[in-house]
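Visitor: Pasting a structure below so you can have a look.
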Amino acid sequence: MRIGMLTSGGDCQSLNATMRGVAKSLYNMFDDVEIIGFEEGYKGLMYADYRIMKPSDFSGILTEGGTILGTSRQPFKLMRVPDEKGLDKVEAMKETYRKLRLECLVVLGGNGSQKTANLLSEEGLNVIGLPKTIDNDLWGTDMTFGFQSAVNIATDAIDCIHTTAASHGRVFIVEVMGHKVGWLTLHAGIAGGADIILIPEIPYDINIVAEAIKKRAKAGKRFSILAVAEGAISRENASLSKKELKEKKKNSPVYPSIAYEIGAEIEQLTGQEIRVTVPGHMQRGGSPCPYDRVLSSRLGASAAKMIADEKYGYLVGIKNNDIVKVPLSDVAGKLKTVSPDASIIKEAKRMGISFGDE
Ligand code: F6P
């Protein structure tokens with residue numbers, strides 16, 4: 001039996017731990033299993049760039065960050081667009097799958113990658129998806145692997161900033177990844193004791209943010225820490241159409257990112273000294289945390305069981321600490337966002353954390 005495997009999209013911690021979970025279980029369950037590892041995600045499947053893996057390839061990688069197969073971003077919207085040499089990408093992937101006589105393709109990927117996984121499943125391939133991303137924005141699972149490890153790193157960054165902010169009495173903004181959603185910022189912000197948390201799902205009013213900082217200063221607090229999601233958006237901008245926003249940006253000062261823009265506005269409104277820190281891709285690097293190692297092992301072992309049971313066309317996820325399988329067609333194209341009414345938001349607000357909205 002031949003199983004194909006690939007890692008697609010932005011990397012994260014625990015990709016290797018997940019592949020190891022799948023491989024160890026398969027080798028343990030079957031005598032005749034051969035795993036084909038595609039290089040750099042869907043690109044490897046398109047251009048038949050692959051390696052026949054050995055069991056030893058999966059040894060010693062539980063704690064290793066990144067991916068032993070390499071990865072690449074192959075945007076879903078371009079999947080139906082031929083490559084520069086006129087190659088039909090979807091047909092090419094199907095051809096590789098057929099030629100290699102694969103029983104199943106295991107895709108470790110986030111939103112876009114699972115959309116492609118669903119497309120291949122609809123085209124008749126046996127596909128199983130595994131939920132990867134530090135953003136935790138994949139529909140159908142409570143948790144994606146990589147998320148908790150990234151929370152740890154972003155929290156460490158906020159912890160480090162705390163001491164220097166306290167010493168100098170400064171306002172610090174830590175910009176946290178997360179793409180269009182606020183999960184990472186929300187969790188790292190609470191874990192790091194941020195005073196203000198700005199996430200895309202709750203558009204902020206900069207005057208309310210400035211007031212929250214002034215209130216802290218009046219209460220004798222010498223510093224404030226803001227955890228700002230890279231996708232944070234002001235209430236004013238959120239109310240504009242895409243076209244209006246583009247027009248507005250043409251006539252506004254250019255900042256390297258949202259944290260710098262917010263920093264400049266706060267400096268003007270409060271007169272306080274502002275510093276911005278962007279941990280950036282650090283948040284995707286290094287060794288997976290124990291939670292992710294356990295999650296990855298469980299997801300990987302469950303994917304292997306689904307192969308044994310010939311259950312295809314699903315994403316393997318986790319709900320209420322139980323492993324679940326969710327049809328890829330339900331997952332494709334949906335984003336799991338933070339609800340502004342979620343109890344975690346209410347609890348944070350009760351503690352006095354400002355989200356810049358009231
Ligand atoms: O999806 C993971 C992620 O790290 C996002 O949080 C971030 O917006 C994006 O990838 C960065 O992408 P790239 O690695 O292509 O710069």
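Any Cβ shown, glycine's included, is placed from N, Cα and C.
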Visitor: Return the residue out of R275, R293 that TrEMBL annotates for the same substrate site as T133, I134, D135, R170, M177, G178, H179, E230, H281, M282, Q283, R284.
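Guide: For the substrate site that includes T133, I134, D135, R170, M177, G178, H179, E230, H281, M282, Q283, R284, TrEMBL also lists R275.
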Visitor: Please state which member of G4, G10, G182 TrEMBL lists alongside R73, Q74, G110, N111, G112, S113 for binding ATP.
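Guide: So, going by the record in TrEMBL, that would be G10.
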Visitor: Just report the maximum Cα pair distance in Å for the recorded ATP binders G10, R73, Q74, G110, N111, G112, S113, no decimals.
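Guide: Overall maximum Cα spacing for these binding residues reaches 12 Å.
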Visitor: Within 10 Å of the Cβ of R284 (substrate binding site), how many other Cβ atoms can be counted across all chains shown?
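Guide: Its Cβ shell of radius 10 Å holds 20 other Cβ atoms.
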Visitor: Provide, as an integer number of angstrom, the distance between the C-alpha atoms of M177 (substrate binding site) and N111 (ATP binding site).
Guide: 16
Visitor: Specify the secondary structure state of M282 (substrate binding site) as given by DSSP, simplified to three classes.
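Guide: Once the DSSP labels are grouped into three classes, M282 (substrate binding site) ends up as helix.
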